[in-house]
Amino acid sequence: MSQVFEVVGSVFVVLGALVFASAALGLLRFPDTYTRISAVGTAGGVGMALVIVGALSLQPTVPDAFKAVAIIALQLATSAVGSIAIARSAYLTGTPLYEPRFDELAEESDPDEREEARLAREERETPRDVE
Amino acid sequence: MSWVTWPVRIVGLALWFAKEIVVSSAAVLRDNFTPGQNSTPGIARLETRCRTDLEITLFASMITITPGTLTLGTDVVGDEQTRVLYVHGMYAADADALRAELRVMENKVLHAVRREGARS
């Protein structure tokens, strides 16, 4: 029986690591801020959950099971809310989308305000000449 | 009777969500491991039927956790206090397709979270 737990645990840990690896690949390959945030948000939630379940299965005890449930619930919630906060601030500071097919948020938000934020951001990012 | 089925519905939501993550992960991974970009990104506006902060927070979080979709923000509009979500999607052909996808999830979430259940 313990061997079953060991195999299942190892499989989950490896799956979780693979989710992190694919998110890292996504960070490199996805074209803009929003798609990259999406990749990281998923890895932070799903990848962590898989690794925790795997670790629990490798050393299963009842107290640890309760801890694992708490960890997964908190991790999923905070990862999601954190991603939303980053994405929201990215949009508010005027970060452009990569080749958007449709953007119904732009129709609602003030274009001047976004343009202003974009210009301010660009000015911050432009390296100044060192005297 | 709704008290009896409530926990069952919540577990059902968790299982359905796990399946959904696997399915949409596959789409993202396929794009990731093949050359070029197949994504058709965009932002859709979704008028939800969520009535409480808990419902909208859970729904927005689940959208973000699902690979390929990302919540950008929320708003409350109109006299009926309709809660609106702005969602960034990577693989939906247009805004209506993305909305249709999200509607399915919304129905599942509301049906599980509300004790009396919810029918679309």
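Cβ coordinates come from backbone N, Cα and C, glycine included.
Worth saying up front: this structure is predicted, and the values here are computed from it rather than measured.
The transmembrane segment annotation in TrEMBL covers A:7-28, A:34-56, A:68-91. The region 'Disordered' annotation in TrEMBL covers A:102-131. Residues or ranges marked as compositional bias 'Acidic residues' in TrEMBL: A:105-114. Residues annotated as compositional bias 'Basic and acidic residues' in TrEMBL: A:115-131.
Same-chain residues lying 6 or more positions outside the transmembrane segment (A:68-91) and placing a CB less than 8 Å from one of its CB atoms are 33-34, 37-38, 40-41, 44-45, 48-49, 52-53, 55-56, 105.
According to DSSP, the secondary structure content of the compositional bias 'Acidic residues' (A:105-114) in residues is 4 helix, 0 strand, 6 coil. With helix defined as DSSP H, G or I and strand as E or B, the region 'Disordered' (A:102-131) counts 15 helix, 2 strand, 13 coil.
Panel annotation: around the compositional bias 'Acidic residues' (A:105-114), residues 91-92, 94 of the same chain, lying at least six beyond its termini, place a Cβ under 8 Å from a Cβ of the stretch.
Here the region 'Disordered' (A:102-131) has Cβ contacts under 8 Å with residues 91-96 of the same chain, all six or more residues outside its ends.
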